[in-house]
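Swiss-Prot annotations:
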BINDING   C70, C72, C85, C88  Zn(2+) 1 binding site
BINDING   D470, D472, D474  Mg(2+) binding site
BINDING   C815, C889, C896, C899  Zn(2+) 2 binding site
Amino acid sequence: MKDIFNFFEKPKDPLSFSAIRISLASPDKIRQWSHGEVKKPETINYRTFKPERDGLFCAKIFGPVKDYECNCGKYKRMKHRGVVCEKCGVEVIQSKVRRERLGHITLATPVAHIWFLKSLPSRIGNLLDITLKDLEKVLYCESYIVIDPKETTLQRGELLSEDRYHKSMEEFGEEAFLAGMGGEAVLELLKVVGPADKGHGEGVHGLADELRAQMKEATSDAKRKKIAKRLKVVEAFVQSGNKPDWMMLEVIPVIPPDLRPLVPLDGGRFATSDLNDLYRRVINRNNRLKRLQELNAPDIIIRNEKRMLQEAVDALFDNGRRGKTITGPNKRPLKSLSDMLKGKQGRFRQNLLGKRVDYSGRSVIVVGPELKLHQCGLPKIMALELFKPFIYNKLEEKGYVTTIKSAKKMVEKERPEVWDILDEVIREHPVLLNRAPTLHRLGIQAFEPVLIEGKAIQLHPLVCTAFNADFDGDQMAVHVPLSIEAQMEARVLMMSTNNILSPAHGKPIIVPSQDIVLGIYYMTRERAFARGEGKVFASEEEVRAAYDQGEVDLQAKIWVRLDGKRVETTVGRVLLYDIVPKRLPFESINKVMDKKQLQNLIDLTYRLCGEKETVLLADRVRSMGYGNATRAGISIALENMIIPRKKQELLERAMGEVDDIQTQYTEGLITIGERYNKVIDIWAQVTEEVAQEMMSQIGQETAIGTGKDGKREERKQPSFNPIYIMADSGARGSAQQIRQLAGMRGLMAKPSGEIIETPITANFREGLNVLQYFISTHGARKGLADTALKTANSGYLTRRLVDVAQDAIITEYDCGAMDGITLGALVEGGEIIEPMGERILGRVALDDIHDPFASSVLVKANEEIDESKVKLIENAGIDKVKIRSVLTCQARRGICVECYGRDLARGRKVNIGEAVGVIAAQSIGEPGTQLTMRTFHIGGAASRRAEQSTIENRNPGLVKFHNVAVAKKKDGTLIVMNRNGEIIVTDDQGRERERYGVVYGAKLLVRDGQKIETSTLLAEWDPYSMPIITEVAGHVKYGDLVDGVTISEQVDEITGLARKAVIASKDPDARPRISIKDDQGKTRKLANSEADARYMLPEGANLVVNDGDEVDAGDVIAKMPRETTKTKDITGGLPRVAELFEARKPKEHAVISEIDGVVAFGKDTKGKRKVVITPEVDGKLRPDLAKEYLIGKGKHISVHTGDRVRAGEALMDGAANPHDILRVLGEKELARWLVDEVQEVYRLQGVKINDKHIETIVRQMLRRVRIVDVGDTNFLADEQVEKFVFEEENDKVITAGGRPAQGEPLLLGITKASLSTESFISASSFQETTKVLTEAAISGKVDHLRGLKENVIMGRLIPAGTGLPHYKHLDIEVETPVDAVEEAEEALAVASGEE
């Protein structure tokens, strides 16, 4: 391995090394690097501006200030190269050596390196087994430490205070033991590190063996953990070959002076790098200490000086880590060496991961409506500047000029020849356009430049979606790919015409929007009584001719013969059909084409006709859309906002309902929370109704005209109201915005997120009054403030995602995985949210997929499921399919093609070398930012649907109850008595069509096996409270329900009525409950078990029955109010996604059962309730295998005695904890849960992301295992290791006949996962730079440069795509037979002849 400082003889080729190692530098090493010792704190002479000799800028040590010129001026110029001047001692050489030569400072006393002292856990402390506090006492000269106790009773490493030290001296004598203080003492101790009993000599190896022995004997868990921590540090030293005493500094390197420059400003002052100040402090204190030691100064003065030296060195390495931050003259903290690396402005992120580049320019963008999709308009003056070298080259080649200088002059004069040459140079030379922020890879695309006058870049309107660009002043940057390879990649991979599909969801991203949509929508609508209605044409040409003659209107309904069939259509649609590829059926456009339909059209074209046709279609649609939008002449007038006639009536009805609820509340029938929720629901519903009224009124109009028989007639038709057209076509605006313009604004949210219960009944056309205006301002302000904050949050989320996934690259074709995941349709609340077809499209089947009704194989194992296969599977009625997934991929590094499946942006299987991790991160992060920016468009209007409180079916069929326990009331009503019951609706063949979960306490309105029609009400429940229901009839008996102790009569301020609510009691043994007694006063037993009918009441429950009341089975005895609803908005969404990916434990997480079994309640302990789950084995209960869970008093336990629960089921209300899911249900279930949870957040916003992206990130979070049992391996207990390292080590041990280690899967949050990657370069450039580097240096880590980030930092090509290592060594052999050349020449001649 080469030493990095021979790096200063720069390797010409950054590929000449394959790995980088970081380790501690020994004092000898530092002296070896150094070119001389810096003895004086002086920098440069302020009169001559020459560096002082032996100072921080000394030319003798660091090299000459001017090229080939010594300091005193005796030797000048190249001819004396390599001479050392005898007068001033300076070597005559290039001055750039001042960027690479190091010096050193020899310290008068050793000092500790602050990284190894203070970076937790303290490495020095761990090695010596001394606490950090004690260690600091020694280092900062406050206590003595015993170095060698010899024959005395003292221990090695024992601390002695000043008094105790002198007493021991008197007691044992001067020479009897050795103790010291300050750096020397610690250095001595580190030199003799070893097992406690042996004393010296065995070093870290001995210590490691001893610790391992102790580990085996240790009994308590805490002790084991402590030993493991020490062992980890010791092992690191053993394996890296670093010596522990190197953590103390005896020599300090001085970095080259040109990296800490001193610049004279005008007015005789200097601007200097902070490092110079810090070095000066160290040198000053060091020199003073040397002088004091020579003078034999009193101990106390020397001690003080040593402490000050230690502090100065600390500040140099990491200012502010310990004690006061050293500040400069302007009270600004000085930037130490650590600060140079850390953070956004540090070396890693500022200079290595992102650099400024040449051959680039930026300008404002304007729309280029007549560009082709692969073109962009580049201002001439910009092009001239960007392509200068190419122009010079061409000018010389053509003989216009002979030297570069004359070429320069010619270009500056802008002679006509220059413009001709510029045209030639940029022909077919793609340029890259980039719009910041670049949130996904489509933020940089390649275009062919077209020269234009003016100073603004022209951008094709269809790529705006990808760039998220608009023309309100956005700017874009242009970059020129220089090398031929770069040009080729730009053309093949980055050209806008090659990026039609979005990598996030595989649907087209080059989709018409705004004006184009409006134009196409307008031309495909039909208008009643238009000119030429009902005419019949023989062909498309006839229609066009008639339209050009003005015989038919664009929107007239006509009949035309197409492909031998008579079709009813409109003129506009025939004209549109003219521009779509002929392979598409006419049906695909014979409808009103809104934005959605246009997207489908482009998608269909891409699938059927390929890329080229799609691009041509996109450009034609663009031109036609703009043309027709212009002809349509659509504009907005105030009169277009039609206020619904029934609005007033609806409002009055709602007010009446609200009054009724208020009355119920004053009479004490409902709680304040229920009242609030009901009122909010009423208003939400009315707002909806007003909006529907308005839309039906705006969206319908009556056309009057002359019918066929010449009489006047009226026809209803969709309206041509411009506002309606814009929203309906998807060009601009939404129903929600129209609702605010012409309906009513509806409910608004307070800044805290609660909904204000009086809605804004006015709309913008009527105008708002002062109060309404004021309420509106909350939402608008909150929206703007949120946007600013969330953009930052979203950017940070993306950064963490990219960091964790950057080394997920497609590395092999097939990993041979035997395992996969099962996917079905995504169902929520009985609705199919995402059909299975969409979820399995583009995945690879794990096993053969058989048709259940025929014996044929629909899809073979390891075959990609494409669009046609999805149709087959759906038609066969299969509801679950096993597919291969990234989560189960067995590839050691990276992912294999088969497990990943389709590359969404290309519509075919992914290529080897694709950086799928980064794509996944971008796909998840990009909408995050978009969503954050979308809050304020609706102006904070509260969007919440009325709470779901019923279930209706959508398909007719038979009802089946699955796992539903019911109680029958006296009147025959069925009440659901358990939690995971489901109602299934099956069709005639018995195939499941729908499945709905039913809530505990719901009223069933159908019976098992009943035949039902569509939209039958199946069940209903109270959405505002959770009931507690008795299963048996009898008398109510209160238990531990004492007024003022466990229940409080809460008198409602407004109604004056009392209601009883359970409160948290001080008495730990109180168990508030209701028992049901029979007539003899005995507690009733539950129907199917021996348990008593006792119901524990959580705090917050409202009692519905009184002591002694008679109740029937299925009656509600208490209610738990549900939380008052807050608005659902991505504000909750972004932090939610972040907390899922960070795998945080939720604050109030639900306790889940680890086994299947039957519930019972044990005795309460410590104010907590005990839930016991007893498993059944062969139909018998096995109490010896039971699991117990303690649940806090106030929590609502959601299971009841005798319930059967499944492993992984929650026993109480609360959020699920991902770590529990992993432990109980395993990796696949956890992954499924994470994917669904993340998807739900995005779905609320209408954002589509393919599952495989989230799976890729989850795979990266599950890469490690935690060692539970070490076996015969080299792992440490509780150590976290990568899965494949774990498996390899185990294979080795098993082969050798040993006992393998046991591990459990570990879920790491994305930040943790990024920091624990193999590569220390990648981790240190992410976060916690000093910590990562400290750890890496001690263990002498080697970075094999496998990920993307490490390679970017090292300035190499990334090992993905065309940079994959195995492409490096490919030689392409071209065998061209003679006749092939001749053929090609002929073809060329023919082709040019045709043109």
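Cβ from N, Cα, C; glycine included.
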_Using a Cβ cut-off under 8 Å and a sequence separation of 6 or more, which residues in the same chain sit near C85 (Zn(2+) 1 binding site)?_
C70, N71, C72, K74, Y75, E91, V92
*Looking at the binding-site residues C70, C815, C896, which one has the fewest other Cβ atoms within 10 Å of its own Cβ?*
C815
*Fewest other CB within 10 angstroms, which one of the binding-site residues C88, C889?*
C88
*Including all protein chains displayed, how many Cβ atoms other than that of C899 (Zn(2+) 2 binding site) lie within 10 Å of its Cβ?*
29
_binding-site residues compared (D470, D472) - highest count of Cβ atoms within 10 Å_ = D470
*What is the total of other Cβ atoms whose distance to the Cβ of C72 (Zn(2+) 1 binding site) is within 10 Å?*
14
*Residues within 8 Å of the D470, D472, D474 Cβ centre (excluding the Mg(2+) site residues themselves)*: I365, A469, F471, G473
*Under 8 Å by Cβ from D474 (Mg(2+) binding site), same chain, sequence gap 6 or more*: V364, I365, R435
*Would you list, in sequence order, the residues of this chain other than C815, C889, C896, C899 that have their CB within 8 A of the centroid of the site's CB atoms, where the site is the one recorded for Zn(2+) 2?*
E812, D814, A817, R884, V886, T888, Q890, A891, I895, V897, E898, Y900
*Given the recorded Zn(2+) 1 site (C70, C72, C85, C88), which additional residues of the same chain have their Cβ within 8 Å of the Cβ centre, ordered by sequence?*
A59, N71, G73, K74, Y75, E86, K87, G89, V90
*Write down the Cα-Cα distance for C899 (Zn(2+) 2 binding site) and D470 (Mg(2+) binding site), rounded and given in Å.*
38
*Distance between C899 (Zn(2+) 2 binding site) and D472 (Mg(2+) binding site) at the Cα atoms, whole Å?*
44
*asked:* Can you tell me whether DSSP puts C896 (Zn(2+) 2 binding site) in helix, strand or coil?
replied: strand
*By CA distance, which of the binding-site residues (C88, C815, C889, C896) lies nearest to D472 (Mg(2+) binding site)?*
C896
*Rounded distance in angstrom between the Cα atoms of C88 (Zn(2+) 1 binding site) and C896 (Zn(2+) 2 binding site)*: 64
